[in-house]
Amino acid sequence: MVSLVLAALAPAMALFSYVYLRDVYSKAKMFLVLRIFIIGALLVVPILVIQFAFTEENVFPHPAAKAFLLYGFLEEGLKWLMLFVFAYQHGQLQRPGDGILFGVSVSLGFATVENGLYMIAYGLEAAIPRTVLPTTAHAVYGIVMGYYIGQAKYKEDHKKMFLLLGAILPILLHGGYDFILSSFGHYVLYAMIPFMVILWLLAIWKLKKASRFTV
């Protein structure tokens, strides 16, 4: 059991450390980061219940609808809502870059529990290869989401646009990831590898941009 917990936590902690050590935030308190991480973790069960019910009823028979609505919209929409309520509205963003730290926290909290459940179901050896790409992808969704929520807090003239981008872009990225995974069959790696490269280039770009903003 200890090995399962450590294996589930390791990818998330590595990615979180990467973002944390880049110093894109300033004075974000770690207990707030931990709270948002836990909130992300608690989202897993209700989301999985909804996804299971919708899948059983075949609500979204087309792979694209399932990828973008049942996975992208549901997961990223709820994560965005948690960030909006617990970070944005409660005044926890002390500078624009702090949004990235909170965005990564909620995403990796979700990914950690998701990984743990997968490992319990399929075993450690079968699960480890599966956890690397999804955890990385979740981190990127969180970076993009947090970047735009942070911008919305400090750029009042374009607040609505940034909040909207903070929701829509992660939904599209997540939906694209799941659509590739479910629809490309034997050719999935040919599509997934360049897609992941694009994701990480996008994440690095947002991290660099966020590090230049101060208030």
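Backbone N, Cα and C atoms are what each Cβ position is placed from, and that goes for glycine too.
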Does Swiss-Prot give M30 and W205 the same topological domain, putting them on the same side of the membrane?
-> yes
Whole-number mean of pLDDT values that fall within the topological domain 'Extracellular' (54-99) | 92
List, by number or range, the same-chain residues at least 6 past the transmembrane segment (180-203) whose CB is under 8 A from its CB atoms?
-> 63-64, 66-67, 133, 136-137, 139-140, 143-144, 173
Using DSSP three-state counts, the residues of the topological domain 'Extracellular' (54-99) come to 31 helix, 0 strand, 15 coil
